[in-house]
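Engineer: Structure incoming, see below.
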Amino acid sequence: MQDQYILALDQGTTSSRAMLFDRQGNIVSIAQKEFEQIYPQPGWVEHDPQEIWSTQAGVAAEAVTRTGLNGTSIAAIGITNQRETTIVWDRETGQPVYNAIVWQDRRTADFCDSLKQQGLEAKVRAKTGLPIDSYFSATKIRWILDNVPGARDKARQGKLAFGTVDSWLVWNFTKHELHVTDVTNASRTMLFNIHTREWDSELLELLDIPRSMLPEVKASSEIYGHTKTTVFASKIPLAGIAGDQHAALFGQMCTTSGMVKNTYGTGCFLMMNTGDKPIESRNNLVTTIAWQIGDDVQYALEGSIFIAGAVVQWLRDGMGIIKTAAEIEALAARVPHTDGVYLVPAFAGLGAPHWNARARGSVFGVTRGTTSAHLARAALDAIAYQSLDVLAAMEADSGISIGELRVDGGASANNLLMQFQADLLGVDAVRPQITETTALGAAYLAGLAIGYWKNLDEVRSQWQLDRRFSPSMPKEQVKQCMAGWQRAVRAAKAWADDTQ
């Protein structure tokens, strides 16, 4: 296998990407194509499933051919994907019965509220690790069955298939032969029992979803089948599947209990490996399956922050304070601190661990001396404060003190932000040389399944440090900063409470 590579397919919310990795875990080739976001009504978000497939197949071929290679050079394919996004298709024709309903879509929020009012939240959380929310796949499937003419009848006859994006891609890559998913994607549907690792009959009955629609659930690293499409002339093993954040956790080599990664993107996604037992959160985090390799199942706690890098985009597009996102570090560095200014970027409410949908963005502590530099610094600081809130909840739930934070995503390139994050945490923030950890995780899962890499120790040894940020702020100053942030969050919540 000297001249072979692993192809990682990274199907995201706004684009489909493909990357070729060599045996040392280096990126050899990359291709990307954006696709259309469909907004039929306020709060609704859809994708065209055929466009998801065509863009993903297209970039897969492009990543290979632009290096002068062909399908015979690909040892295996690993897939990672936007999670929860729901596709239902006709088994006979292979055609979707409706657009993909995206994870951001809120059309089933009222139905979720009615389930909560029936007192079902504790039961659902105990089985799935998830709160009842329109974010997850279950109520999206139910909506399609209730609103697409003929869908429920076809589903009862076993003629419809449901899948998250990974299932849809495998179905198409195998010319409609394989209907599978992996445990990580299944664990985000709100239909999968994370303890028994099976589809939950009681939840299926509760939501009136026929079991015949659901894919077979497999490990995250095994040979599921082989490609049969015209994208590649040769048959390539499909050998790794994981949801995007799970793949990033694996790509960061957070393979032992207590290891944590934070992906700094438009929002932040923090995930902690909690070992071979699920931990039920008492602090509004999500319990999920991290991955499964062979019989070894690892679990995780996850917290999502809605607005992280998006606050920088707001300073650029909404306020005109900067012309490009990259300018924020230099602007913020003009001042040593925010001079008491706090920005709570609750533009879409507050995510974990607060879960306050009504909170709104607020700026506190502004004086006549406040400048655009103070505001820029407050925006960066807010990303670190929000991350600390989630990490504190993770420590409380798990009883594990975090040893270091592994960071990736676009905003992890901001050295000022990473230093402040380390200062607040009191432990090192470490940035790897390869920050494309999501695709790398999918590649590792696929490569391990076929013996391209011998074992976990071999891939672990490939993780390489780019830069380590060690805490340097005095503890008393950290305490003062945190007290101000907590006061600002309380004030943002109070502003949203119109009963006061």
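Just so you know, glycine gets a Cβ as well, placed from its N, Cα and C.
Sharing the record's features from Swiss-Prot:
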| type | residues | note |
| --- | --- | --- |
| BINDING | T13, R17, T266, G309, G410, N414 | ADP binding site |
| BINDING | T13, T14, S15, T266, G309, Q313, G410 | ATP binding site |
| BINDING | T13, R83, E84, Y135, D244 | sn-glycerol 3-phosphate binding site |
| BINDING | R83, E84, Y135, D244, Q245 | glycerol binding site |
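Buried or exposed, and what's around them? Tell me for each listed feature.
Structural biologist: If you draw a 10 Å sphere around the CB of T266 (ADP binding site), it holds 18 other CB atoms from the protein chains shown.
Around the Cβ of Q313 (ATP binding site), the same chain contributes T266, A325, each under 8 angstroms and 6 or more positions distant in sequence.
Around the Cβ of R83 (sn-glycerol 3-phosphate binding site), 25 further Cβ atoms fall within 10 Å across all displayed protein chains.
The secondary structure of Q245 (glycerol binding site), as reduced to three states from DSSP, is helical.
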Engineer: In Å, rounded, how far does the Cα of T14 (ATP binding site) sit from the Cα of Y135 (sn-glycerol 3-phosphate binding site)?
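Structural biologist: The separation of the Cα atoms works out to 17 Å.
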Engineer: Far apart in sequence but close in space: which same-chain residues, 6 or more away, have a Cβ under 8 Å from Y135 (sn-glycerol 3-phosphate binding site)?
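Structural biologist: Counting only residues 6 or more apart in sequence, the Cβ neighbours of Y135 (sn-glycerol 3-phosphate binding site) under 8 Å are E84, W103, Q104.
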Engineer: Measure from the CA atom of R83 (sn-glycerol 3-phosphate binding site) to the CA atom of T13 (ADP binding site) and give the result in Å, rounded to a whole number.
Structural biologist: 9
Engineer: Check each residue in the chain of R17 (ADP binding site) that is at least six apart in sequence and keep those whose C-beta is under 8 Å from its C-beta; list them in sequence order.
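Structural biologist: Non-local contacts for R17 (ADP binding site): L9, D10, Q11, I30, A31, Q32, V59, A439.
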Engineer: Does anything in the same chain, at least 6 positions from G309 (ADP binding site), have a Cβ under 8 Å from its Cβ, and if so what?
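Structural biologist: Counting only residues 6 or more apart in sequence, the Cβ neighbours of G309 (ADP binding site) under 8 Å are Y264, G265, T266, G267, A325, I383, G409, G410, A411.
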Engineer: Mind checking which of T14, Q245 has the fewest other CB atoms within 10 A of its CB? They're the binding-site residues.
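Structural biologist: Lowest Cβ count within 10 Å among the binding-site residues (T14, Q245) is T14.
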Engineer: Distance between N414 (ADP binding site) and Q245 (glycerol binding site) at the Cα atoms, whole Å?
Structural biologist: 21
Engineer: Setting R83, E84, Y135, D244, Q245 aside, what same-chain residues sit with their Cβ within 8 Å of the center of the Cβ atoms that define the glycerol site, listed in sequence order?
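Structural biologist: For the glycerol site the neighbour list reads Q82, T85, W103, R188, G243.
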